[in-house]
Structures are given as C-alpha cells and as structure tokens.
Amino acid sequence: MTDIENKNYIIALDQGTTSSRAIIFDRDANVVCTAQREFAQHYPQAGWVEHDPMEIFATQSAVMVEALAQAGLHHDQVAAIGITNQRETTVVWDKTTGRPVYNAIVWQCRRSTEICQQLKRDGHEDYIRDTTGLVTDPYFSGTKLKWILDNVEGSRERARNGELLFGTVDSWLIWKFTGGKVHVTDYTNASRTMLFNIHTLEWDAKMLEILDIPREMLPEVKASSEIYGRTKSGIAIGGIAGDQQAALFGQMCVEPGQAKNTYGTGCFLLMNTGDKAVKSQHGMLTTIACGPRGEVAYALEGAVFNGGSTVQWLRDELKIVNDAHDTEYFANKVKDSNGVYLVPAFTGLGAPYWDPYARGALFGLTRGVRVDHIIRAALESIAYQTRDVLDAMQQDSGERLKALRVDGGAVANNFLMQFQADILGTQVERPKMRETTALGAAYLAGLACGFWGSLEELRGKAVIEREFEPSLDEVEKEKLYKGWKKAVSRTRDWAREDAE
C-alpha cells in the first residue's frame, strides 16, 4: 500500500468571521466530526470591525486538536489539510517575531471608505475594475492594508525593509502552521485584494504603486490545489480557497453557468463563467474561482454584507428572538410581512448598489405591525438581496439559471428557502451535505495529495436533500419586489453628510 492509502481522513480548517472550525472528512466525503470555537469581535468605532490574529490562530489550532481527539485519530492518519477562510480580512505581521503590528481588519470594516473615495477622485476606478475585477470599495484588502501602513507608525518603512509580511487569513494561518517557513496565498484569495491582476495572474505593479504598498511584503500566489508545505507535526497542507470559492467547488459548480448562494454572516452568490472573465455592467465582481482540477476559472460574484447578521441583530440587540432557529416559527405565524420591509444596511449596501453611505431602516410600520412581521421582514430581506444580485448576474452572463444551489447556516430555515424560491421564481436546491465550504477545501486538498482521484469521483458524492419550487404568482412576486426596491432607494446615501 502507498502512504496515502494508509491515511483515510482529510481535515478542513474553516476560518470564518465569527468562529474557527475544524471538520474531519472520510473517503466518502462524510463528516466524521466537527469542532468549533468562537472568538471576539472588536468594534473600536462605528463601522470599524477587527479581530485579533493571534486569537484566530489560537482558536484554529485548538479546534484541529479537538477534532482529532474527538474522532480518536492521530495526525499520521490525516492525508492533508485544506484551508478555507473569510476573505479580504487583512493581517500584517513581523516576519521575525511573528507578532501582528495591528489587529486584523475584517472584510466588513468600512474605515477605508475615504481612501476609496480618493481613488475614485483620482480617476483609478476603471483601472481597478479592468485589472482586478473589483469595484472600488473598502470591502477589499488593498485599502485596508494601505490604512495600516498609513496609520501604524513606522510600518511602511519596515515593510519596505522586508521586515513585515501581509496576508489574508489563509496566508497568516499557513505561515503560523509551518513555523514561518511558507508565505503563500492562492489565486482565489489574491483576487480579493484589489492588488492582483486577474488576467496575468500576478500582483499588479500599478496597483501597488497607487496604494504605495511594498511588493516585498506580499505572499507568493499559487493554485488552489497543490501541496504548499507541512505543519510542524508533518501534515501536508494541500488546498486553499476563499470561503465562497470553496463553497462553489464543494457544490461542484465547476461548469460555466452553474451558481450557488452561501447564507452566512453575509450572503454570497457566485456563478461560474469558466475560462471567461465576464466584465459586469451591473455591479457584480469578476473574481477567480476553482476550475475542475483546482486550476484558475472565473466567476461573477455578488456580495450582500448583512444576511445572517440581520438575524443576529434581532437576537442580540433587539432581543426579540432567543435563538436564530426561532425566526422560522415566528415568520410562519403571519401570512405576510404586513407591508413591512427591513433593509439591513448596517454597514452600507453591497452588490449591486455598492453604497457605503446607506444605513439600515424599517419601512411600512403601522399600529398593526407585530414583532412577527418584523422578524418575517428580516428573513425576507435576505431573499430580496439575493434576488438583487441574481438579476444583475443573469443580465451580465446572458444565462438564465434553472436552479440555485444553496448552503450556509440559514438554509436550515425552510421559510427562508421557500420565500427565496418564490421571489426568484427559480428552483432552490438544498444539498444533504451542509458543510459545502469545508467540503470544497477538503476536495481541493484531497485532489492535491491523491486522496481522491478525479472530479467524477467527487461529483458522485453530491446528494440534493430538498428542492424548493416557486409558488408565488408573477403579479404578487413583482409587487413584493417593487416594494423592496422602493425601500432600498430610501436608505441610499443616508450617512454621506455625516462623513463629509
């Protein structure tokens, strides 16, 4: 037997916005066990979001140890590790000490809005779009990195001297797990930085010049499925993909026109466009995805900033539900939202609006409105935002989706999934395997080390648990959606005067 035949497990490390997880898969792509730890969110100012990079690594290390112990496994039985991560979140650390120079600036953080406005005033918007596939928005890593270099004393000079390293969360974790030996990222994560040319597949010299970022601090960029290095205990690290691209691969959306939506803290809809980098006319991002063998493919992406976080707000701030699972019960207690629309623009609006100055609002309140209606409106807002993105994506690609594959925590909510199908007028497919993001990372690692032999083998493992068919008539569907568009229009530009 070969060495790989003696190793019957893959570990996927899923480093998310609110927690670090480790999921162990067997050869049939079944989950053997899962370990999870939450970590602190830091909000130093309105619109600012930070994480402690050391806590990210500590929790991610701990859950890997926990998962192995829980499964009764030794690291010698693991063929490889696949890593999937919250994207865009920006870490800068000292190459010698391994200590971060500042907290990780999270993808949700809007502190670099003014930097983005200056880029637009300087006429760089079209170049950024054409080269990186991205819109000029604080969401992406480049302006976050510039903020750190501008605001942490001595950091730019230290970066120029080769003393500091930059990475998205995948780079940070791999650097730590390999004891500082490997400084890499993959094409999917690099494509989210606003520093990477998605056509030449290289760091873009002009973007680095525009943002005054030293080339020396950037990681080497590699394919999403190859062996990058080994942990201190000798486990191969064999797959990397940003969380949404990992989910696309885990759903086996590897052919042009296939699409998925992940319902997490935010919502992310990706459509595979194959070897064609489609330039969006409707506010979508052009991004890099994983091809059939982990090579570069392209995708259109629409990012909704507040999905599951809207339900967290109901629970943690308004305290009108005790648990996210309760929202389905309350939403089903009423026949509709009674004309209420909740626009959860807590941190601005993502695709297709890209308005950092929009703010959240409730519309249509009357004395007849109850808590149930507001809870229902919150769930409906997730589906409406998904339609905003999907409509734009279909116009760009010229393709009509026959079905939308879904994953993420909120897909367990049957009310939301049915309303999603209704407001889209499109079948929604919920897979039996809910861990599609982690599964995508596991697939990439497994293909890299020979644990799985082919894409065909992986396709055979996909099972649809339930299909949700549209049940709303066309007139009612469009009436509801028209109300949503009206509500969104009233939230636009709300905070602009405060910022000026």
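Glycine is treated like the rest: Cβ placed from N, Cα and C.
Note that this is a predicted model, so its numbers are computed, not measured.
A sphere of 10 angstroms centred on the C-beta of Ser19 (ATP binding site) encloses 14 other C-beta atoms. Feature annotation from Swiss-Prot assigns ATP binding site to Thr17, Thr18, Ser19, Thr265, Gly308, Gln312, Gly409.
Thr265 (ATP binding site) falls within neither a helix nor a strand when secondary structure is assigned with DSSP, and so counts as coil. Other Cβ atoms within 10 Å of the Cβ of Thr265 (ATP binding site) number 23 in total over all chains. The ADP binding site annotation in Swiss-Prot covers Thr17, Arg21, Thr265, Gly308, Gly409, Asn413.
Cβ-based neighbour count (10 Å, all protein chains) for Glu88 (sn-glycerol 3-phosphate binding site) stands at 26. Annotation source Swiss-Prot lists sn-glycerol 3-phosphate binding site at Thr17, Arg87, Glu88, Tyr139, Asp243.
A simple way to gauge crowding: the CB of Gln244 (glycerol binding site) has 30 other CB atoms within 10 angstroms, across all the protein chains here. Taken from Swiss-Prot, the feature glycerol binding site applies to Arg87, Glu88, Tyr139, Asp243, Gln244.
In terms of local Cβ density within 10 Å, Arg87 ranks first among the binding-site residues Arg21, Arg87. Of all the binding-site residues listed (Gly308, Gly409), Gly409 has the fewest other CB atoms within 10 A of its CB.
Comparing Arg87 (sn-glycerol 3-phosphate binding site) with Ser19 (ATP binding site), their Cα atoms are 14 Å apart once rounded. Between Thr18 (ATP binding site) and Asp243 (sn-glycerol 3-phosphate binding site), the C-alpha separation comes to 13 Å. Taking a C-beta cut-off of under 8 Å and a sequence gap of six or more, Thr17 (ATP binding site) has these contacts in its own chain: Gln86, Thr89, Val106, Trp107, Gln108, Gly264, Thr265.
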